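Visitor: My questions will all concern the structure given below.
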Amino acid sequence: MKKKVIVGLSGGVDSSVAAYLLIQQGYEVEGLFMRNWDSSANNDILGNQEIDNDVCPQEQDYLDALEVANKLGIKLHRIDFVQEYWEYVFEYFIKEYKKGRTPNPDILCNKYIKFDKFLNHAINELKADYIAMGHYAGVRFNEKTKQYEMIRAVDTNKDQTYFLCQLTQNQLSKTLFPLQSLEKPEIRKIAAEQGLITADKKDSTGICFIGEREFTKFLQNYISNQPGDIVDIKTNEVLGKHIGAMYYTIGQRKGLNLGGMKEPYYVAAKDIDKKIIYVCPASDESYLLSNNAIVTEINWSLDLKQYIDNVEEFECTAKFRYRQPDVKVRLNKIKDNEYKVSYDAIVKAVTPGQEAVFYLNDICLGGGIIDIVE
């Protein structure tokens, strides 16, 4: 009897090809389209250039997913997770920005929506054996350790294990990633050969399930402006004004509106209570550099003791942001799911609220939230 897979059909090329490949591999395949954002209900007005479109982007994505499903000869289900996305992803996202931190909504969306709400619906209601997504990542079962290992994609530029670092053994055991061994041009080629409407569709960017927005204006829908000074961290000189320190992230250069300066300036630190953004010149980036970070709420995607001799103190590599080259790090355990992470390499703009994700060669071990940078 064929195993049943529910594919998260998003209306993009990656999930379209994932569905096609699984059909070719002999699975019984059905699609499930998620609607996670409602611009009207969620007051998504400022910064939304698509608000006056005749067909909203989410609805166009559904129509594209439906056309792909029809072309492949599979059933397409549809489900609404707008309320769940708001509660589990967006409220945290806004709360963190108000604190002056920079959260990663894509990681939260994977943790709480795609691999929780979606997975449970697929398994329990649609009676699937597995779910599948168009992510660039892989899962393999290690017979020796008896662990499901999440591994990097062959296309290193597209690898998305960073965003999947919160997945658990249970979730990995029920997930297929058909695109692990393919690069983007190959995927577009397969889509074109199969006559899929998504073959030339541009990749989605912006906030997970929300899309591209003028970011500061978008946040103004949910956070009130709190103007203050832009201060040179070295000289304490006031260089300009800002409309809200929470709108800026560590390492940011664009959008400071510091005219007449001899060189670019970067956001080096923020004081939310005093409404101050501290900046440093490009010629002195020492204020952006760090050697240690405290990482909290770490999720280990596998049983770490099967891979690391001493889990109290060990070395591996890490990424502190998406597409950053791996950095060699030393981890010292503070308490359960909290480690001090030290690195000798010069790492710029490690940012509180973002995720630190840990690797052992091609295996993603898991990740946690950067809480304090030293």
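Yeah, the Cβs are placed from backbone N, Cα and C, and that goes for glycine too.
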Visitor: Of the candidates Met1, Met34, Met150, which does Swiss-Prot annotate as part of the ATP site that also includes Gly8, Leu9, Ser10, Gly11, Gly12, Val13, Asp14, Ser15, Gly134?
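Guide: So the ATP site in Swiss-Prot includes Gly8, Leu9, Ser10, Gly11, Gly12, Val13, Asp14, Ser15, Gly134 plus, from the candidates Met1, Met34, Met150, Met34.
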Visitor: Measure from the CA atom of Asp14 (ATP binding site) to the CA atom of His135 (site 'Interaction with tRNA') and give the result in Å, rounded to a whole number.
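Guide: Cα-Cα distance, His135 (site 'Interaction with tRNA') to Asp14 (ATP binding site): 7 Å.
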Visitor: List the Cα distance (Å, whole number) between Asp14 (ATP binding site) and Cys109 (active site, nucleophile).
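Guide: Distance between the two Cα atoms comes out at 18 Å.
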Visitor: Around the Cβ of Asp14 (ATP binding site), how many other Cβ atoms lie within 10 Å? Please give the count over every shown protein chain.
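Guide: Taking every protein chain into account, the count is 26.
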Visitor: For Ser10 (ATP binding site) and Gln354 (site 'Interaction with tRNA'), what Cα-Cα distance in Å is obtained after rounding to a whole number?
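Guide: Taking the Cα atoms only, Ser10 (ATP binding site) lies 25 Å from Gln354 (site 'Interaction with tRNA').
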